[in-house]
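Q: Questions regarding the structure given below will be posed in turn.
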Ligand SMILES: NC(=O)c1ccc[n+]([C@@H]2O[C@H](COP(=O)([O-])OP(=O)(O)OC[C@H]3O[C@@H](n4cnc5c(N)ncnc54)[C@H](OP(=O)(O)O)[C@@H]3O)[C@@H](O)[C@H]2O)c1
């Protein structure tokens, strides 16, 4: 019957922030970006945020966590994701949920609109330089490599449509804290697209790259501090007479529940603490011991020390 066929649109959907250029004087931000773009001045072609092809250079744990999250969330089908590796175990890990595994990094780059570099810091320079002749500003490049600056990545790639991301290990369970920072030629839409992508494995913030060492000290290294805290809480439970399994289960769930309250209630953690510390009660007795031992200062020192170490490593 005429007129009943559902209209299917062939138009691509671009990210929310697509805006036509505004006539008149360019903003100071626009001028700054142009000055920073030392590389080719090709027009940046928007990437359709619902139908792009995503490639990973480095088929390791982080790439797998991101790819699994993206597929699970329905953001992209597995058929639009590819990576390269020659080892059977890594190939099987990706192929098991439908991601195409190629033999060479060059094949990944040639067949992707968004390329995520997820190799170790020691090899990233060689890997990017080797692919340089295939990289163009038509592609959005992303790095999750810890401690490697946009300035260097852009230099090695030959263009600055690059975004740096610092995710953390809870990416493996869909609960990452990721921070993104945009390179000189990356557009607002590019940032939006990458925020959505990393939103598939947790929460995402945008920050100036100058904060990345501090971010490494807090969210990058932070899961390890909390693993230590969970183990210590469980040890306390055992010292107080609990069986080990019960103590560990209670410690982990208590940290998860407390974090969930801090995230979901909108209350300041100091308020949440006050709410459970009744006068002369058990909790305030425990808190008193923590304060005597400098608990807050120790955590602050840990973040500052890890940030300092990150700065030392990324300046080497
Ligand atoms: N894991 C995290 O939670 C986390 C958090 C924040 C940032 N990161 C960053 O993410 C990056 C990847 O970490 P990861 O934990 O996923 O490490 P990983 O599991 O070791 O993955 C790295 C992968 O790169 C592959 N590779 C090595 N050289 C290569 C080359 N020339 N071409 C293509 N692939 C190559 C490795 O192959 P082989 O299997 O043969 O070694 C391995 O599969 C690192 O830079 C790290 O700093 C990770």
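Cβ atoms are placed via backbone N, Cα and C, with glycine included.
As listed in TrEMBL for this protein:
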{"type": "REGION", "residues": "1-27", "note": "region 'Disordered'"}
{"type": "DOMAIN", "residues": "53-147", "note": "domain 'Pyrroline-5-carboxylate reductase catalytic N-terminal'"}
{"type": "BINDING", "residues": "57, 58, 59, 60, 61, 62", "note": "NADP(+) binding site"}
{"type": "BINDING", "residues": "105", "note": "NADPH binding site"}
{"type": "DOMAIN", "residues": "209-313", "note": "domain 'Pyrroline-5-carboxylate reductase dimerisation'"}
Q: Around the C-beta of residue 57 (NADP(+) binding site), how many further C-beta atoms are within 10 angstroms, looking at every protein chain?
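A: For residue 57 (NADP(+) binding site), the 10 Å Cβ neighbour count is 25.
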Q: Given a 10 Å Cβ-Cβ cut-off, pick out the one of the binding-site residues 59, 62 that has the most other Cβ atoms nearby.
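A: When each Cβ's neighbours within 10 Å are tallied, 59 tops the list.
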Q: Let's see if you can do this one: DSSP helix, strand and coil counts over the domain 'Pyrroline-5-carboxylate reductase dimerisation' (209-313), in that order.
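A: Secondary-structure breakdown of the domain 'Pyrroline-5-carboxylate reductase dimerisation' (209-313): 89 helix, 0 strand, 16 coil.
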Q: When the number of other CB atoms within 10 A of each residue's CB is tallied over all shown chains, which of the binding-site residues 58, 60 has the maximum?
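A: Its Cβ has the most other Cβ atoms within 10 Å: 58.
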Q: Other than its own, how many Cβ atoms are within 10 Å of the Cβ belonging to residue 61 (NADP(+) binding site)?
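A: Step by step: centre on the Cβ of residue 61 (NADP(+) binding site), count other Cβ atoms within 10 Å, giving 14.
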Q: Whose Cβ lies within 8 Å of the mean position of the Cβ atoms of 57, 58, 59, 60, 61, 62, the NADP(+) site, other than those residues?
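A: Nearby residues not in the site list: 56, 63, 64, 83, 118, 119.
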Q: What's the number of neighbouring CB atoms sitting within 10 A of the CB on residue 105 (NADPH binding site)?
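A: The Cβ of residue 105 (NADPH binding site) has 24 Cβ neighbours within 10 Å.
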Q: What's the CA to CA span in angstrom from residue 60 (NADP(+) binding site) over to residue 105 (NADPH binding site)?
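A: Just about 14 Å between their Cα atoms.
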Q: So of all those binding-site residues, 57, 58, 59, 61, 62, which one's Cα sits nearest to the residue listed as 'NADPH binding site'?
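A: Given the candidates 57, 58, 59, 61, 62, the nearest one is 57.
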